[in-house]
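Over in TrEMBL, the protein carries these features:
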TRANSMEM  6-26  transmembrane segment
TRANSMEM  46-63  transmembrane segment
TRANSMEM  69-94  transmembrane segment
TRANSMEM  106-126  transmembrane segment
TRANSMEM  146-164  transmembrane segment
TRANSMEM  176-198  transmembrane segment
TRANSMEM  210-228  transmembrane segment
TRANSMEM  240-263  transmembrane segment
TRANSMEM  269-291  transmembrane segment
Amino acid sequence: MGVSDNTVGLSLAVASSAFIGASFILKKTGLIRAGKGGVRAGGGGYTYLLEPLWWAGMMTMLLGEVANFVAYTFAPAVLVTPLGALSIIVSSLLAHFVLKERLEKLGVLGCVSCIVGSVIVVIHAPQEHMPNSVEEIWNLAIQPGFLTYAVATLVVVAALVLFFEPRYGQTNIMIYLGICSSMGSLTVISIKAIGVAIKLTLDGMNQVAYPHTWLFVIIAIICVVSQINYLNKALDTFDLAVVSPIYYVMFTTLTIVASGIMFKDWAGQSFSSIASEFCGLITILTGTIMLHTAKEEETGSSAALPWPLDRGSISWCISLGSDNLLKNVNEDYFAALQSSPAPV
């Protein structure tokens, strides 16, 4: 008995999340080591380019992205996309044990929610029909349902870029994330078509001669460039702790909607299975938000302290030049911070 396409796609999606999650730790460790011997990356330095651990992280991330790309070839987006949340769990757990970053109770609850939601999605994920050619995928793309979605997406993106971004882009996070999430849903569809074309070509059915293959390649390049451009704008303008969960929720939701319309992922499924998938998806999204909220709270609590209290002391010096110390207390004392040198 052969292994089903869903099983292959599931394995690749999980492997992708593991690689990507681990890559963050490797790159951060490399950045820390590089910062000790030169100018930090945050200060404009590039000494991390000489750090092997940083390059190991880049290669690991590349492997993860390739695995994720191939996963879309074998399994529906409703299965592959939500499992991307597992990379957050991997990076959070490794950061706790390797980098000694504390994983708060809310973060643990977020990890559990992501795992439970992923299991629910995997159990109820639909089996996808593998197209026999890129031309078949193109025929699915020009059906009225998906054409309506694609046109509506492009109209919304055009309105956001031309009208809303110049006015509200620097103050409203939904502008940049709306653009990159909408384009991201079309990116996944195009990448899936390219993956199917590569798979069929390797199986002996050459898809290179089809003009639709190259049309999907062009669409994918345009969408990827647009997506990365506006995601970078969002990251440069707003806090990562806010951008990451909102972007993940919007990108995942729109990708599943686009894939469901085009490939009819839920055709033939019972209402209970579809409802279970949505419950699993909501559980994953909730867990993702809790994980980022825990990180944001930890960062905020650390930033709230104007100095490391464990490295200094406060001395209250009260002048004795007044007959009544309490009467003119505002004039008769001052607080001085005596900071001890940080341990090496």
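Glycine is treated like the rest: Cβ placed from N, Cα and C.
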Response to the item:
Of the listed stretches 46-63, 210-228, 240-263, 269-291, the one with the highest count of C-beta pairs below 8 angstroms to the transmembrane segment (6-26) is 46-63
Worksheet entry | Of 46-63, 146-164, 210-228, 240-263, whichever stretch has the most CB pairs under 8 A to the transmembrane segment (269-291) | 240-263
Discussion item. Using a threshold of three or more Cβ pairs below 8 Å, and leaving out pairs closer than 6 in sequence, do the transmembrane segment (210-228) and the transmembrane segment (69-94) count as in contact?
Written reply: no
Worksheet entry | Tertiary contacts of the transmembrane segment (240-263) (same chain, 6+ residues out, Cβ under 8 Å) | 76-78, 81-82, 84-85, 128-129, 140-141, 143, 145-146, 149, 153, 173-174, 177-178, 180-182, 184-186, 188-189, 192, 231, 234, 281, 284-285, 288-289, 291-293, 295-296, 299
Worksheet item: Apart from its near flanks, which chain residues at least 6 from the ends of the transmembrane segment (106-126) lie with a Cβ under 8 angstroms of it?
Response: 6, 10, 75-76, 78-79, 82-83, 85-86, 88-89, 92-93, 265-269, 273-274, 276-277, 279-295, 297
